[in-house]
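As structure tokens, the structure follows; a few thoughts come after it.
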Amino acid sequence: MLKRISPLQSEPVYRVDALRQIESEAARTLPPHSLMQRAGSAVARLAQACYPHARRVVVLAGAGNNGGDGLVAATQLHQAGRDVLVLACGAETLNEWRSRLPADAAWAWAQAQTAEVRCALDDHSTLPEADLYIDALLGLGLRGPMRAQMAEIIQGLNAQRGAPVLSVDLPSGLDADTGAATDVCVRATLTLSLLGLKPGLRTGPASSLCGTLWQDDFGVDAATHHPQVAIDATWLGADLIRPLLPDLSQSAHKGQRGDVAVIGGAAGMTGAALLAARAAAQLGAGRVFVGLLDDQAPAVDLLAPELMLRSPAALLDAQGGRTCLLVGPGAGCDDAARTYLAQALAQPVPLVLDADALNLLAATDSLQTLLRQRKPITTLLTPHPLEAARLMGVSVQAIESDRLTAARTLAQRFACWIVLKGHGTLIVSPQQTAWINATGNGLLATAGSGDVLAGSAAALLAATGKASSVLAAVWLHGQAAIHYARKHGPGGLTAATLPLWMAASWADLPYRRPRPGIDENADFC
Ligand SMILES: NC(=O)C1=CN([C@@H]2O[C@H](COP(=O)(O)OP(=O)(O)OC[C@H]3O[C@@H](n4cnc5c(N)ncnc54)[C@H](O)[C@@H]3O)[C@@H](O)[C@H]2O)[C@@H](O)CC1
Ligand SMILES: [K+]
């Protein structure tokens, strides 16, 4: 089925080797060339649906099966009356290009010839003008750096601004597993992912190159028919979120909603801890305590007087059963912060570590040992790529070139939950289950946004007692930015107002079916 990938619906995500396995198993049960026929048809259908007025279509076809998909689409668009030109790319002669085609693609070429689709060799001259370009240069078969000949074509395609680009399976040059891109990579307007989603389409710096994401499984429902093939991650959609949120029924009292204690806010950085604490309060924590490390800090947050300001030592001495501790926002990295972090790691309550707590952890082996010893008590680390790089002792580029592996390594090394922030935020459990967040936009790239996420996660952890509620915090955080952008455009969302938009996004989630015997109106507050 052809569908647009959205933040509303979760989807399984597969690595390339798993997709290849699904594909070869499906191919065995189908008539020859069926999968390519279906793939190319899906491309043609999407092209016609999205660009009904595109008269001139140029299909850039590589000499692999990705090119074969392009050839099938070209034939169908030609038969539907479009002015189609197939540009054979990546060879010196048309004969050489044709001789390299694998079996399915050679069949697609024969079909195109029979239908008299116009075909020409890319001769390195100017890209022919078009109303729509179809990028069928390279798909899952990308190996190594982009060859010069192909790079030249892609540069030409990216340089033109007039016509949309539909990428078949993935933008040519993108690594489907990691989201890393070769030096030159197609910048697509929309991408049709074939058979299943791949991790690289939506996490990592290059994932923004996909444009709008569509998928067609062409009738091969992998999750149902090939349950033995491992799902690598889950695309985190709204359907998974509601059950993870606390049931804030009208009869609940504040003691049932959990307590959050935030420790951070050294001199000059008190705002970070206050932002996290306010977010925790706005996301429904019953009581929120703040232990500011700045000894000159005010005794009350006048903008959020519901917060209870205490000394960090007093907070660490008085942990109740439903408390979640959050350490790090604005904490600094001095000895006092290190001592409080060590004490927090020894507390048998759920713990969220963010910002400076992560930097301290990265620099102090004894803290890492304490962290590992906390298992099985829930600990959540929320690094951005630089913090993750420090924790792993590698470069930011190494993290970003394979974010999923980096997040999994951290979760395993520290036996805890990881939220690796950035484009396509990743969540990985200590058992290595991974989710790719479906929400978020550039509005979140602002000071304090991470503090809000950490505070929100602490609130939901405290309220539900379930580590998996972090998924809901991440999803709502991103959805808030989408929600805001729809109403107010691309500017003006501050960290201080973000929790209100998160709460509004929570309110917009479809309510679950009321349970028998429960008053529907009593199921929310
Ligand atoms: N029967 C199948 O195998 C099916 C395949 N599908 C399509 O087939 C694609 C995978 O096909 P292939 O495995 O043939 O691989 P691709 O078509 O993705 O790539 C192989 C081609 O790219 C060239 N190439 C590889 N690395 C390069 C580089 N760094 N620079 C320049 N050229 C490079 C190779 O020489 C070869 O010509 C999928 O992405 C999907 O589009 C779909 O049609 C579904 C069915
Ligand atoms: K492609």
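Yeah, the Cβs are placed from backbone N, Cα and C, and that goes for glycine too.
What TrEMBL records for this protein:
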DOMAIN    19-226  domain 'YjeF N-terminal'
BINDING   65-69, 139-145, Asp169, Ala272, Gly330, His384, Asp451  (6S)-NADPHX binding site
BINDING   Asn66, Asp135, Ser172  K(+) binding site
DOMAIN    237-509  domain 'YjeF C-terminal'
BINDING   Lys421, Gly422, His423, Gly424, Thr425, Gly450  AMP binding site
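Everything TrEMBL records as a feature, shown here on the structure.
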residue	record	contacts (Cβ under 8 Å, 6+ apart)
Asn65	(6S)-NADPHX binding site	Met36, Pro102, Asp104, Ala105, Gly139, Gly141
Asn66	K(+) binding site	Ala136, Leu137, Leu138, Gly139, Leu140, Gly141, Val168, Asp169, Ser172
Asp135	K(+) binding site	Leu60, Leu157, Val165, Leu166, Ser167, Val168, Pro171, Ser172, Val186, Ala188
Arg143	(6S)-NADPHX binding site	none
His384	(6S)-NADPHX binding site	Leu420, Lys421, Gly422, Gly450
His423	AMP binding site	Thr203, Gly204, Pro205, Ser207, Ser208, Gly440
Gly424	AMP binding site	Gly179, Arg202, Thr203, Gly204, Ser207, Arg403, Ile436, Asn437
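Under the three-state DSSP scheme, Asn66 (K(+) binding site) falls in the helix class. Each of the binding-site residues Ser172, Thr425 was scored by the number of other CB atoms within 10 Å of its CB, and the largest score is that of Ser172. Ligand 1 lies under 6 Å from the Cβ of Asn65, Asn66, Arg143, out of the binding-site residues Asn65, Asn66, Arg143, His423. Only Asn66, Asp135, in sequence order, out of the binding-site residues Asn65, Asn66, Asp135, Arg143, His384, Lys421 have a CB under 6 Å from ligand 2. Reduced to three states, the DSSP call for Ser172 (K(+) binding site) is coil. In the structure as shown, the Cβ atom of Asp169 ((6S)-NADPHX binding site) sits within 10 Å of 26 other Cβ atoms. Close to the recorded K(+) site, the chain also has Leu60, Gly62, Gly67, Gly70, Ala136, Leu137, Leu138, Gly139, Ser167, Val168, Asp169, Leu170, Pro171, Val186: residues not among Asn66, Asp135, Ser172 whose Cβ is within 8 Å of the site's Cβ mean position.
Same-chain residues that are not part of Lys421, Gly422, His423, Gly424, Thr425, Gly450 yet have a Cβ within 8 Å of the Cβ center of the AMP site turn out to be His384, Pro385, Leu420, Leu426, Asn437, Gly440, Leu444. Counting only residues at least six positions away in the same chain, the Cβ atoms of Met36, Gly40, Ala61, Leu101, Pro102, Asp104, Ala105, Ala106, Trp107, Ala108, Trp109, Ala136 sit under 8 Å from the Cβ of Gly68 ((6S)-NADPHX binding site).
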